[in-house]
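Below: one structure, written as structure tokens.
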Ligand code: GLN
């Protein structure tokens, strides 16, 4: 069995030495400030051993990775009725695409594209004030990561609120079909803020542990979701977690994973480990360029792909 700490350190060193980094997201102006040379990796195995490399303790904007946790919360609130509001098929389109919404009567293809995540946020908001809904999401992440210091980067949230015209369009379009229940600016306010939560690779890998262990966080012994629900969330991550790059991610890495335009990826090796990687440079599909390459190296060296060695 290769030594986990050694593998993680070696991959971090290899990634930091590479000249190819991808492009930092600029459409949310505040994200353009990220250092393209940053690279972090954290792996937590079933025994709770943490292996870290590079900038594993530097917080970054988790962006769409938050959608895994909002999906988990919304399923906890209304169960499988959620699937009336949002589908679970890969979109084959960019994360911010609007084209399929008209054909499918405002029902987004899956909970990880922007439209789908906005519909999920709307479910969490129902019956609450935006501040309460956001507090619920933040406290959920703090509890999972066992770290009450996790916060929202207000500058990132404000930056997206100022420039998120596409998301405003998606939300209004869905509202016109009756897929959203709440005032659009309330739902988007919560959405922009949960995308702006800042976490480090170590915190994110800790928060993802329940998905690697049949819904139960081995550190606390608490069940977060049932084994069946954990399996299904992993399935949606595998098929939809990287937008129109999901096929390539499954082909190269072979794990359920969720990316964000902040350059983070949460990947789950079921039964084995929760993994978080961060490198702000993105590929053409908006997924972390070196993050994917690092995960490909990791799964290959450890034999962790769900499809076999
Ligand atoms: N907050 C971002 C947006 O709505 C999230 C996108 C992403 O991480 N892919 O555009």
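Every residue number used here counts from 1 along the chain in the order it is shown.
Just so you know, glycine gets a Cβ as well, placed from its N, Cα and C.
Keep in mind the model is a prediction, meaning the values are calculated, not measured.
TrEMBL lists 64, 114, 160, 167, 191, 243, 261 with the feature substrate binding site.
Sequence features, as recorded in TrEMBL, placed on the structure.
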{"residue": "64", "record": "substrate binding site", "DSSP (3 states)": "helix"}
{"residue": "114", "record": "substrate binding site", "DSSP (3 states)": "helix"}
{"residue": "160", "record": "substrate binding site", "DSSP (3 states)": "helix"}
{"residue": "167", "record": "substrate binding site", "DSSP (3 states)": "helix"}
{"residue": "191", "record": "substrate binding site", "DSSP (3 states)": "helix"}
{"residue": "243", "record": "substrate binding site", "DSSP (3 states)": "helix"}
{"residue": "261", "record": "substrate binding site", "DSSP (3 states)": "coil"}
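Burial estimate for the binding-site residues (167, 191, 261): highest at 191, by number of other CB atoms within 10 Å.
Residues 64, 114, 160, 167, 191, 243, 261 are listed as the substrate binders, and the farthest two of them sit 20 Å apart at their Cα atoms. Applying an 8 A CB threshold to same-chain residues 6+ apart, the list for residue 64 (substrate binding site) reads 95, 112, 114, 117, 195, 258, 259, 260, 261. Checking the binding-site residues 64, 167, 191, 243 for a CB within less than 6 Å of any atom of ligand 1 leaves 64, 167, listed in sequence order. Taking a C-beta cut-off of under 8 Å and a sequence gap of six or more, residue 160 (substrate binding site) has these contacts in its own chain: 28, 30, 167, 192, 195, 196. The Cβ of residue 243 (substrate binding site) lies under 8 Å from the Cβ of 91, 93, 94, 95, 112, 113, 259, 285, 286, 287, each of which sits 6+ residues away along the same chain.
Neighbour density for residue 114 (substrate binding site): within 10 A of its CB lie 23 other CB atoms from the protein chains shown.
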